[in-house]
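Colleague: According to TrEMBL, the protein has these features:
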TRANSMEM  A:12-33  transmembrane segment
TRANSMEM  A:73-96  transmembrane segment
DOMAIN    A:73-263  domain 'ABC transmembrane type-1'
TRANSMEM  A:108-126  transmembrane segment
TRANSMEM  A:146-166  transmembrane segment
TRANSMEM  A:187-208  transmembrane segment
TRANSMEM  A:245-268  transmembrane segment
Amino acid sequence: MNGRIDWPAHVMLGLGVLLFILPIWLVLAGATLDPAAIARGELSLVPRLDGWGVYAAVLAEGAPGAQPVGRMLLVSAGMALAIAAGKIVISILSAYAVTFFRFPFRMTAFWTIFITLMLPVEVRIMPTYSVMSDLSLINTFPGLTVPLIASATATLLFRQTFLAVPDELVEAARMDGAGPLRFLKDILIPVSAANLAALFVILFVYGWNQYLWPLLVATNPRLDTIVIGIVKMIGTETQTEWNRVMATAVLALLPPVAVVVLMQRWFVKGLTEGEK
Amino acid sequence: MATLLLEDLRKSFGSTPVLHGIDLALASGEMLVIVGASGCGKSTLLRLVAGLEVPTAGRIVLDGRDVAGLDPAARDIAMVFQNYALYPHMTVFENMAYGLRIRGLTRDAIRKRVGEVAELLGLGGLLARKPRQLSGGQRQRVAMGRAIVREPKLFLFDEPLSNLDAKLRVTMRAEIRRLQRRMGVTSLYVTHDQVEAMTLGDRLLVLHLGRPVQFATPMEVFERPADTYVAGFIGAPAMNFLAGRLGHGGSAVELDIGVTIPFADGRRPGPDGRKLTIGIRPEHVQPDPAGLALQVDLLEPLGSETVVIGRLPGGEMLSVKVAKADAPTEAMQVSFPAAHIHVFDAEAGLRLDATA
Amino acid sequence: MERRTIFPGIALPMLLVLPQLLLTVVFFLWPAGQAIWSSMTRADPFGIRTQFVGLENFADLFSDPLYVDSIGRTVVFCAAVTALSMGLALLLAVYADREIRGRGFYRILLIWPYAVAPAVSAVLWILLLHPQIGLVGRWLNRAGVQWNYKLDGTQAMLVVIVASAWKQVSYNFIFLLAGLQSIPRAVIEAARMDGAKGWFRFRTVVLPLLMPTVFFLLVVNLVYSAFDTFGTIQALTQGGPGKATETLVVKVYRDGVVNLDIGSSAAQSVVLMLGVIVLTVLQFRFLGRKVAE
């Protein structure tokens, strides 16, 4: 920095920031407006200062044709947390097994896990649905979460993290008398804490933002996530209460955005180091 | 304190042998330095003793018990690693306490032991720090402390000083020696640095391509190197080698450069004409107005002394260490005192001692 | 790549890897196998008997102009989303990599959209572009543009592209900025000493060094735009008007879940699977080269 202000950079970045902030400000402010006015085409960027009550209202009641937003937020939070925690646990275990041991079919196991990278939900919609119904998991919370817990991404990330742990550290722990499980608990997991935090952010966002999967396996409105809920709200466009939709949109994006912003440093580092 | 005995210890990775049968016996409290160029198998040997590698054949007997099949944890051995391998998420105290915790010592006992060792190493004020807040030398001390608190039967050092700067290395070298003496723990110390090897070891084991080539005290290794490899490896600047043949009924060497040197200590075996390699250290080459002409290529001033690198009339390279005042500019005359030459067989490179 | 130091034991690691393997087999491999099997069978109109028909479903699929159109549409959509989001991200990353005041602040403000669900980003864009109530949509109509993405297929395509790309800019920005920052300063300084300036320096020095990141993102963005935009499209246009925004994933959902045409849906699934496999292999072949470097 040499004291001069880099105007082109500020202008460009300012425009970029505006591009992202503008839609959010629009829904944030728009939510406070009178729904009839919005329907007449009077949506504006100036909030109505006595309209903030709409947020409390949707939390408790939701919008026509949808569950209370408070309830949907709980389902989403439950789903996101269960998926993130579940993925982290089983991925740590499997990545630990394939990097720190030699056992028969080790590479078979690894490639089996790896293959799931190539099979997103979107390419196996119908058969997955029938497996779910065979296992009576349709319209259940486990059905919403358990099948998404298996995925290769987290395992690959942890494998990479574990491979980068210096051999000497492992050897020092062995000389100190640590067995495999003790090493995992006392050394490996604490040492990988930063990557774990980053992965948590990525997986929480992944879980929170699911759309196709809950659409498929949870037709019971009581299991509606907030993302499902908001698309339902705009589905019946004729009597849409737009102020409630906007309030819901704000509430829907607030939790994952908060997680990303609060854990920004780890998240960026973990994302860019892990996926490459 | 314990004795260590290795019997015909071998290790192969796949079909590649890296250690060809090591035998040695260490007395209790002795410090053995294993030295050799990189790839000679010295680290593998250390890791076999540690239990981090499984030997292909042979026995490792620690204090009368064969530990070759045991897990590292069950051997009662502590190791200081090249990169220290401190647990980055633990404080200095926790790093040192970890092994004791696993062994089930009480909180109080751990605090007492760690406290004592920390005092001994001058780490008392650093116990609450994390490794990343320490300097290189301090990390090194913590790594030593972690080994010392365990009060093991055997210490293993894997090039522990190679990541320190030159000055600190000299200080830590002395400190390691002092601590090891004071605690009297039998130790194996691996290094590729010949100065460390000479100054630290009670005895040296020189390894070359997975084979032990000499196992002796540092002075003996220096004064009576077992072969041309050891002779060239130990000592700086390195020993000069000149080709020659046995002559005069085995009582002298006729160097190819046209000089005959009678042996000072007796005849060497073999027929006249047997090919020899003669070694002479640069500090033993004598400036001599009546000697051979040496054309100077390069002068390396070391301070009080200067190393002269030059060529003999036949083109052979020769280095000579002389007092600073005696440093020549273009040429000098040298001779080779009979008392200081080392005689090796030219084919096998093995030392040839006088027969009588 | 393998570790030098490992732990002994066979039962323990097998136990550790078991949960993930179980989930993988039950929810991934088994359904994928099913998809492949059903793609080669056909049910009679009453759904009583199914018979093996070999590759007939695929033949039908590729001779169906609706499907072929959908492929073309998907290609256009993916290319546009990828180009738009990566181009914008690169522009922002280049400026964010400069040493300016408030760098960290800008960075946070540019990465948070990563967390917005595709379906929710669609809602945001409805409120901007809706012909009657949308802030920008209304304005366009008043300015004389016949703007109604609910009736005009081209406009609908434009809307889903913009909404999908908007959400992906942050992700690309994060990686491109990291890529730019990993270029050694000394290289840039050497280029400056050599007299390379501005765009020329960027094109001849920075861009080539950034190429690994760009290739990686290219694949990621294609996968994103082909699959993860289902929610966006569903919320914005449901594939309409007509079939103007019906990408392959929207179609496989429509044919399978809504119209219950199992054989065709399964065949479409298999085609998509092949697509993902090709992209994944591309990504990892490239990744493998990077590891070897």
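For all residues, glycine too, the Cβ spot is worked out from N, Cα and C.
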Colleague: Are there three or more C-beta pairs under 8 angstroms joining the transmembrane segment (A:73-96) and the transmembrane segment (A:146-166), sequence spacing 6 or more?
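Modeller: Checked: the transmembrane segment (A:146-166) vs the transmembrane segment (A:73-96), in contact.
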Colleague: Grab the same-chain neighbours of the transmembrane segment (A:245-268) for me: Cβ-Cβ under 8 Å, and only residues 6 or more beyond its ends, written as numbers and ranges.
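Modeller: Same-chain contacts beyond the ends: 24, 26-28, 30-31, 54-55, 57-59, 62-63, 66, 69, 73, 76-77, 80, 194, 197-198, 200-202, 204-205, 208-209, 226-227, 229-230, 233-234.
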Colleague: Return the stretch with the most CB pairs under 8 A relative to the transmembrane segment (A:187-208), choosing among A:12-33, A:73-96, A:108-126.
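Modeller: The listed stretch sharing the most Cβ pairs with the transmembrane segment (A:187-208) is A:73-96.
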Colleague: What residues elsewhere in the chain lie close to the transmembrane segment (A:73-96), defined as a C-beta under 8 angstroms and at least 6 residues from its ends?
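Modeller: Sequence-remote neighbours of the transmembrane segment (A:73-96) are 59, 109, 113, 141, 144-146, 148-151, 154-159, 161-162, 184, 188-189, 196, 199-200, 203-208, 210, 214, 223-227, 251-252, 255-256.
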